[in-house]
Amino acid sequence: MNTMSHKFVLALDEGTTSARAILFDSDLNIVNIGQYEFPQYYPQPGYVEHDPEEIWEAQMLAVKKAISKIDAKQIVAIGITNQRETTVLWDAKSGKPVYNAIVWQDRRTSPITDWLKANYFKMIKDKTGLVPDPYFSASKIKWILDNVPNVREKAERGEIKFGTLDTYLIWRLTNGKAHVTDYSNASRTMLFNINKLECDREILELLKIPESILPEVKPSSEIYGYSEALGNLIPISGDAGDQQAALFGQVAFNVGEIKATYGTGSFILMNIGNNPIRSENLLTTIAWGLEKNKATYALEGSIFITGAAVQWFRDGLRAIDVSDEIEPLASNVEDNGGVYFVPAFVGLGAPYWDPYARGLIIGITRGTTKAHIARAILESMAYQTRDVIEVMQKESGISINSLKVDGGAAKDNLLMQFQADILGIKVIRPKVMETTSMGVAMLAGLGVGLWNSLEELRSIWKVDKEFIPSMSEEKRRALYSGWKEAVKRAMGWAKVVGGQV
């Protein structure tokens, strides 16, 4: 491995709880991984923050570990992927953050977005593809400008920079020489017009955000600057938000190709090509842009609770000791025994968008066992995925013939077979499951000519296992209709019992 003939790409994956660095070789094999956790801070209810300095330190430790077995001169490119929407403002001269990073999960800006929703919903959805929500960066920027002393005045004088975490890391890596982001991350700020591929002045004026604080928006694969942090100059040539990077890492380059990432929640993205199709129940977002003024778009559906339901089964009910025990337990029964589990712990996301829905286990009889409930929990992940995919097909007019999967639960063969059965399409699991990091490594390598085409990347990508549906159409219909009935009963429950949203 140490011979200088080997070329490597370094992917920085800046997540919500940890910073990771993954080193790939030119055949997209993983050579080494570094990972360091950093804390989240909760100064008040609904507030979620990071210290950007701690993120930087964790990211550099992860890099050091990932490249410990090679010479840094062998790294031909760096790619950066990140938790999206999380917002940092910093002093342009000193580089010091003016406030902690406000994380995507933070809900403090609800009053701002409620006002936007009431008065400007259609305009914002038409221009940005997003719905007014504290999730996105725009209201977080406004909050910092309005609430941190002197920051608005400094911003008006051009002394403040804004960035999502990709932008902040690129700024740090280049010693302040590059203030950039890519199309995919820009599309998550709620300030970017995804039709014109430029920042939207009407929304900026509405929120009183000075345009001078914004980074330059560039394609997802080009040289943005050179890292000076590893001892020699290395081009930073790939940038994408984590979910979009995973779509690219699944080589979903064609219209209608789709991926599901099963994590704490799940994210489902479908490539819809060069036309930003509008959806009633899903977000329209930019998947990536490989050249200036041209973007590939995606429909995105987010499911709030999938893997988190397994954690609840483990920690809340103490039904299992470790998460991996759920699959063998669920395998002890042939089917769910008529039991359905709706994991609406915090409401339901796409396509229901009901903050008042609450969790539900229904269909219990004297014959119900722990194994039936375990199976119902796993199956709920597959049902929710079908909910989103059905809406995607209906609203896009694009039919889907296979689903690519990644994330923790994608290792579970029982769940993946059930996913194929309930969808009636093939489910494909890749050999390398680190699709987010691999996607941005691909973008970075393309940006420096390590690979020359999407076809070349597709030929390197390898399948681990394909799951072929084997369930009858009649059984599929009956099971799914039971799920829809269970969801109906879960919806609005917090209103019935006067619970908090």
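Don't overthink the numbers, they just go from 1 along the chain as shown.
Glycine residues also receive a Cβ, built from the backbone N, Cα and C atoms like all the rest.
Keep in mind that this is a model prediction, so the values were computed, not measured.
Feature annotation from Swiss-Prot assigns sn-glycerol 3-phosphate binding site to Thr16, Arg84, Glu85, Tyr135, Asp242. With a cut-off of 8 Å between CB atoms and residues at least 6 apart in sequence, the same chain places Asp13, Gly15, Thr81, Asn82, Gln83, Arg84, Thr436 near Asp242 (sn-glycerol 3-phosphate binding site), listed in sequence order.
The ATP binding site annotation in Swiss-Prot covers Thr16, Thr17, Ser18, Thr264, Gly307, Gln311, Gly408. Around Ser18 (ATP binding site), the same-chain residues six or more apart in sequence whose CB sits under 8 Å from its CB are Gln35, Tyr36, Glu37, Phe38, Ala58, Ala62, listed in sequence order.
DSSP assigns Thr264 (ATP binding site) to coil, not to a helix or a strand. Per Swiss-Prot, ADP binding site is recorded for Thr16, Arg20, Thr264, Gly307, Gly408, and the stated evidence type is sequence analysis.
Arg84 (sn-glycerol 3-phosphate binding site) is surrounded by 24 other CB atoms, counting those within 10 A of its CB over all protein chains shown. Per Swiss-Prot, glycerol binding site is recorded for Arg84, Glu85, Tyr135, Asp242, Gln243.
For Gly408 (ATP binding site) paired with Gln243 (glycerol binding site), the C-alpha to C-alpha distance reads 15 Å. Within 8 Å of the centroid defined by the CB atoms of Arg84, Glu85, Tyr135, Asp242, Gln243, the record's glycerol site, lie the Cβ atoms of Gln83, Thr86, Trp104, Arg188, Gly241, excluding the listed residues themselves. Considering only the residues assigned to sn-glycerol 3-phosphate binding, Thr16, Arg84, Glu85, Tyr135, Asp242, the longest pairwise Cα distance works out to 15 Å. Residues within less than 8 Å, Cβ to Cβ, of Tyr135 (sn-glycerol 3-phosphate binding site) and separated from it by at least 6 positions along the same chain comprise Glu85, Trp104. Across the binding-site residues listed here (Thr16, Thr17, Gln243, Thr264, Gln311), the residue whose Cβ sits among the most other Cβ atoms within 10 Å is Gln243.
DSSP classifies Arg20 (ADP binding site) as strand under the three-state reduction.
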